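S.K.: Quick one: structure below, then a few questions.
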Amino acid sequence: MERFCHLVKGFSDTLPLFRTKLPERVKAKEKFKISALAESLLGNEDIGCLHNAIEDVRVMKKLVAHLQIDDELIYKFAKSISSIKNSAANDEMIKINKATLEVFKDDFSSVMLKKMASNGITHKLLKDSYEKNGQEAILLLFTENVNEKPRVTKDKKILEIVKKLFPKK
């Protein structure tokens, strides 16, 4: 992996790149598969056997040249290897946190559980906070501002559920 990271600095997501460059295709609801783009934009040019990494790269290079996509647009949708690794680690942390919250699957939607998990809330954190500081601590976990937004939610219906699950002592 170290050698790979030394050679490859990152990747650029071509779907949003092409969607930005070809808004008329978005409007017409046309496909953005490499084969569809090559067929409609490169015409009769030999596109080889797609779904083969080397051929895909060759055709992608032709599409980038044909559409005159500049480096700035490529960089706009680029992600470094380290950011991809960090994102994968974060996704794993969310998955682990969410698994601890499954005891609340009948009380909260899957989206709400994921939001809780992505904000570092686990079953243990809820339990420990409640034992130490009661209902107020739990409500604070949900409502405290992080980056000028509530950590989880300030929605009254959700907070009522929280109050039922963690009654005042």
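Glycine is no exception: its Cβ is also placed from the backbone N, Cα and C atoms.
Quick paste of what TrEMBL says about this protein:
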DOMAIN    109-167  domain 'PML C-terminal'
S.K.: What does DSSP give as the helix, strand and coil breakdown of the domain 'PML C-terminal' (109-167)?
M.R.: 40 helix, 4 strand, 15 coil
S.K.: Check the domain 'PML C-terminal' (109-167) for me and report the mean pLDDT.
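M.R.: That region's mean pLDDT is 94.
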